[in-house]
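In what follows, a single structure is set out as structure tokens and then discussed.
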Amino acid sequence: MKILFIGDIVGRPGRNACKKLISGIVKEHAVDFVVANGENLAAGNGMTFATYEEMIDAGIDYFTSGNHIWDNKNIIEYLDDSTTHVLRPANYPQEVPGRGVAIIEKNNKKLLLINVQGRIFVPANLDDPFTLTKKIAEENPDLPILVDFHAEATSEKIAFARYLDGNVAAIVGTHTHVQTADETIFPAGSGYITDVGMVGPIDSVLGVEKEIIIERFLTQLPVSHKVASGEVNFSGVLIEIDPEKKICTKISRINKIINLNE
């Protein structure tokens with residue numbers, strides 16, 4: 001089983017890069033499932049149903065998210081609809097719209113997708129993602145499991161992955177928009193990378209116009225974010241899973257730079 005997991009897609013430049021690149025990557029690597037973090041789809045702030053549909057048409061099977069999924073109210077009314085392929089972190093209160101776990105089925109193959117959010121340096125008072133994810137994994141022993149751990153702190157991500165080693169097939173980190181070079185397979189068979197990165201403009205600060213973020217640091221005053229333009233870096237990982245043993249057999253980074261004007 002091969003999975004393409006795409007990092008946080010930032011605004012229109014990120015969406016356009018996905019539309020140009022996904023089909024080729026899927027064909028080249030015989031990918032079974034395409035999953036992406038979509039919390040920055042709409043102008044870098046949340047997701048709308050229109051941007052969701054645009055990316056589904058581009059070849060993405062399912063979306064994970066994080067704290068920014070709540071930035072755009074347009075998508076929230078759709079989160080409880082099981083036909084909407086979007087997860088919000090599972091460790092939010094149960095009263096919150098949406099769900100954090102889904103079984104993806106395609107071409108007679110099944111994958112359990114879990115989305116949870118970290119609790120260090122991320123503004124939210126959430127349930128423990130460690131024990132919750134392990135509980136979900138123990139309740140689904142017959143399915144290969146992929147986890148998107150949307151978190152800020154490297155230490156929290158690594159500890160989370162070490163704790164779950166052998167309970168899930170792979171753990172990918174999202175949120176920082178900077179891809180790490182530490183992809184590995186842990187001793188009990190779980191694939192891991194601290195952060196997948198982003199699909200967003202290179203000449204930017206995490207996808208946002210650099211001048212805006214520099215001003216924020218210089219003045220300490222609130223600013224309105226605007227997605228940058230120019231060449232886009234497409235960051236993702238290819239994950240290979242043994243569906244019988246439910247372990248990761250290979251994980252590798254993808255980085256492609258694309259000029260959207262060509």
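Glycine too: its Cβ is placed from the backbone N, Cα and C atoms.
The Fe cation 1 binding site annotation in TrEMBL covers Asp8, Glu39, Asn40, His177. Look at Asn40 (Fe cation 1 binding site): DSSP puts it in coil.
Following the DSSP three-state reduction, the secondary structure of Asn67 (Fe cation 2 binding site) is helix. There are 20 other CB atoms within 10 A of the CB of Asn67 (Fe cation 2 binding site), with all protein chains counted. What TrEMBL lists as Fe cation 2 binding site is Glu39, Asn67, His150, His175.
Sequence-distant contacts of His68 (active site, proton donor), defined as residues of its own chain at least six apart whose C-beta falls under 8 angstroms from its C-beta, comprise Glu39, Asn40, Asn45, Gly46. Annotated active site, proton donor per TrEMBL: His68, in sequence order.
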8 Å Cβ shell about Asp8, Glu39, Asn40, His177 centroid, Fe cation 1 site members excluded: Gly7, Ile9, Val10, Asn37, Gly38, Gly44, Gly66, His68, Thr174, His175, Met198, Gly200, Gly207
Separation of alpha carbons, Asp8 (Fe cation 1 binding site) and His175 (Fe cation 2 binding site) (Å): 7
Cβ neighbour count (within 10 Å, all chains shown) around Asn40 (Fe cation 1 binding site): 31
